[in-house]
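Annotation source Swiss-Prot lists active site, proton acceptor at H94. Swiss-Prot lists H277 with the feature heme b binding site, giving sequence analysis as the kind of evidence. The annotation site 'Transition state stabilizer' is assigned in Swiss-Prot to R90.
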Amino acid sequence: MTQDATKCPFHAAAASGGIINKDWWPNQLRLDLLNQHSSKSDPLGAGFDYAEEFKKLDYEGLKRDLRALMTDSQDWWPADFGHYGPQFVRMTWHAAGTYRTGDGRGGAGRGQQRFAPLNSWPDNVNIDKSRRLLWPIKQKYGQKISWADLLVLTGNVALETMGFRTFGFAGGREDTWEPDQDVYWGSEKTWLGGDARYGKGTPGDGTLVAEPAMHGHEKDRVLENPLAAVQMGLIYVNPEGPEGNPDPVAAAHDIRETFARMAMNDEETVALIAGGHTFGKTHGAGTADHVGPEPEAAGLEQQGLGWASSFGSGKAGDAITSGLEVTWTSTPAQWGNEFFENLFKFEWELTKSPAGAHQWQAKNAPATIPDAHDPSKKRVPTMLTTDLSLRFDPAYEKISRRFLENPQAFAEAFARAWFKLTHRDMGPRARYLGPEVPKEELVWQDPIPAVTHDLVDAADVAALKARVLASGLTVQELVGTAWASASTFRGSDKRGGANGARIRLAPQKDWAVNQPEQLARVLQVLEGIQREFNKGADGDKRISLADLIVLAGAAGVEQAARAAGVAVTVPFHPGRADARQDQTDVESFSVLEPSADGFRNYTKARYSVPAEVLLLDKAQLLTLTAPEMTVLVGGLRAININVGGATHGVFTATPGALTNDFFANLLDMSTEWKPAGDLFEGRDRKTGEKRWTGTRVDLVFGSNSVLRSLAEVYASADAKEKFVRDFVAAWAKVMDLDRFDLR
C-alpha cells in the first residue's frame with residue numbers, strides 16, 4: 001500500500017491548520033491566553049536580563065546612527081523630501097497609539113507592531129518599510145536595544161533631526177516573540193468595518209471610502225469598550241471623517257472619544273494631531289486596486305513585506321498608503337507652526353485625492369507646498385477632514401488659536417503629549433532606563449514617594465504579624481484587604497498594585513468591590529498599628545501602610561493555613577511607600593475599577609460576556625497561569641473573601657481555613673448541580689437537600705475540561721500541603737507584581 005504523494009501527510013496538515021477545537025466550539029474558554037509569551041517562544045532564554053544589556057548600549061552611538069539614517073535615502077524605498085523623519089514619526093505614533101486605558105492593552109511596550117494583526121492593519125500600510133530600514137541598525141546593536149525600544153527611540157530622533165526638542169526618552173520595553181492573543185481589537189470580520197463596535201455602520205471593504213447612508217448619524221454612536229479606534233484596523237479615527245463622511249464637526253466627536261480612551265485631554269489631542277501633521281505627507285497616488293496583499297498574506301518572496309504596488313514604480317511619488325494625498329506645510333521635514341497658520345489662513349474646499357478619498361484643498365491659495373520627490377513641482381496646501389476638526393470644533397478651535405499665537409506653548413504641549421503617548425504603557429518610573437529619562441515627575445506616571453527610611457527586619461515582621469492577628473480583624477478582612485490592594489495591578493500597562501497604598505485614597509476607597517465601610521474600619525486598625533510601631537521603632541526604621549496591608553494579608557494567609565493544619569511562611573518583601581492623593585489622578589485611576597473580580601465572586605453589573613471569561617481576563621492582566629488562577633480561586637473561596645460575605649462558592653464547613661474543600665466538594669459526584677436564576681444550586685443527588693450555591697466562576701472549574709484537570713490535582717487526597725504551598729506562591733506573586741525594584 002502506497003501513499004499518494006500529492007496528498008498532504010498528516011503532520012503537514014497539522015502545521016498548516018486543519019480543524020481545531022475552537023472551530024468546533026467557538027465559545028470555548030481561551031485558557032491558552034494564560035500561556036502566552038512563555039520561555040518556549042523566547043530565543044534569549046530565561047537568564048537574559050534586558051535592563052543589564054541596555055546598560056551596555058552605546059546610546060549616543062545608536063542615536064548617531066539613527067540620525068545618519070534619516071537622510072540616507074534608499075532606492076528601494078526613497079525618502080519623501082529627502083528625509084525619513086516623517087515616516088519614522090508615523091511608525092512610532094502607530095506603535096504607541098494602539099494603547100487604550102480601558103484595559104491597558106496595546107501600545108508600544110512589547111514591540112507588537114512587528115506581528116499580526118498590527119503589522120498588516122490598513123492603517124499601517126508601508127510601515128513595514130520603516131522597520132526594514134531600521135534592520136541594519138538593530139542588527140548592529142543586537143539585544144542591547146529591543147525592537148520595542150527602538151521603534152520609539154527612532155521617532156524621538158526623527159523629531160530631533162527635524163528641529164524639534166523632545167521631552168525625553170526612557171528605555172525598558174522588552175520584546176515579545178509572538179503576537180499578543182489577549183487583545184480584543186473588535187469583532188468585525190472585515191478590515192475597516194465598524195458595524196459591530198457601534199451596532200451600525202459599514203462592514204468595510206479594505207479601503208477608506210465614504211458611506212452616504214451614515215450621514216447625519218455619526219454623533220449618535222457610542223464606541224464599544226474598551227476599544228479606542230472607530231474601525232477595525234485603524235489606530236484612532238477615519239481621516240476622511242466618520243464612516244467616510246467629510247464633516248469636520250462630526251469627526252471631532254470621534255477624535256475626542258478615541259483620544260480620551262488613550263488618556264489624552266483636548267489640549268494633548270490638538271497638540272498631537274497638529275504636531276504629527278507638521279511633518280511629511282499622506283500617500284494616495286493611485287487607487288487601492290493597485291495594492292497587493294498585506295505582509296501576513298504576501299508571498300514568501302516578499303520576505304515579510306507587503307502592499308506591493310503596481311501603480312507606476314510603487315514607491316516615491318507613486319506610493320499608495322491611506323489613499324489620501326495631503327501635505328500640510330511647506331517645510332515637511334522641519335518643525336514649525338505652519339500647520340496652524342495654514343489651518344486658519346485659508347478657507348477650505350472639499351476635493352478628492354487621485355485615489356478618490358475625501359480631502360480638503362485651500363481656496364485660492366498659491367502653490368507653496370513642495371513635491372516629495374520632484375523639486376520642480378509645487379502644490380497648494382491640503383488638509384484632512386480630521387485636521388479641520390481642530391478649527392471647526394469650538395473647544396479644539398480655542399486651543400488651536402492659542403497655539404497659533406504662541407508657538408512655544410504648542411511646542412511644549414506637543415513634547416509632553418508625545419512623551420505621554422510613547423510612554424503611557426510603561427508603568428511607573430521605576431521601569432525607566434537610559435540617560436534621557438526626564439527628571440520631572442508626572443501625575444500620569446502614578447508616582448510613589450521614594451523610600452527614605454530603614455526597612456523592617458525579620459523580628460519586626462514577626463512582631464507586626466502578632467499585633468495584626470491580635471487586633472480583632474478577621475482572616476477574611478486581612479486577606480480581602482490585601483487582595484483588594486494588590487489585585488488592581490495590570491500586566492498590560494503595569495499600573496495598579498499594592499505599592500502606594502492607593503486603596504486608602506480616592507477613587508479606590510469608594511469602589512463597591514472594596515466594601516468601603518469595611519475597608520475604612522480595617523484601614524483604621526492597620527493605621528493604628530502602623531503609628532504605634534513607627535513611634536516605638538529604633539532609629540529611622542518605619543513601616544509604610546502599603547507594606548503593612550500586604551504583611552497583614554500574609555498574616556491572614558498563614559493563620560488560614562494553620563487552621564487547615566499546615567504551617568507555612570508567606571514571603572514578604574518590605575520596601576513599598578505610601579502615595580499621596582495629589583499624586584493620584586482620580587479620573588485616571590477610575591479605569592482600574594474592576595467590572596468583575598471572579599476571585600472575590602464579584603460582578604458590578606450583568607454583562608453579556610460570561611463571568612468565567614471576565615475571570616480569565618482578570619487572571620491574564622494579573623499575569624497568572626491557569627494553575628495559579630485555579631489555586632487562588634480555590635483558596636480564596638475557602639477563606640471566603642467574597643464581596644458582601646456571600647457564600648457562593650464557599651464549598652466548605654470551615655470557612656477561614658485554607659483547605660482544598662472547594663475542589664473536593666465541587667467534584668463530588670454525590671452533588672447534582674442545577675441552574676437557579678443567575679446562580680447554581682448543588683443538591684444531594686439522593687435527598688435533594690441543598691448543599692451549596694455557586695456562580696459561573698465557581699462551576700467552570702468542574703465544567704471546563706482543562707480547569708477540571710487542574711481542580712482534580714488539588715482535590716486529591718495527597719494535595720493538602722501542595723495546595724497550600726501553591727496558593728502561597730501564587731499569592732506572593734500577586735502581592736509583588738508591582739515591585740519592579742525587586743527584579
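Keep in mind that glycine also has a Cβ here, set from the backbone N, Cα and C atoms.
Secondary structure at H277 (heme b binding site), taken from DSSP and collapsed to helix, strand or coil, is coil. For the pair H94 (active site, proton acceptor) and the residue listed as 'heme b binding site', the C-alpha distance works out to 14 angstrom.
Within 10 Å of the Cβ of the residue listed as 'active site, proton acceptor' there are 22 other Cβ atoms, across all protein chains. Cα of H277 (heme b binding site) to Cα of R90 (site 'Transition state stabilizer'): a span of 10 Å.
Around the Cβ of R90 (site 'Transition state stabilizer'), the same chain contributes I127, S130, G276, G280, each under 8 angstroms and 6 or more positions distant in sequence. The secondary structure of R90 (site 'Transition state stabilizer'), as reduced to three states from DSSP, is helical. All chains included, 25 other C-beta atoms sit within 10 angstroms of the C-beta of H277 (heme b binding site).
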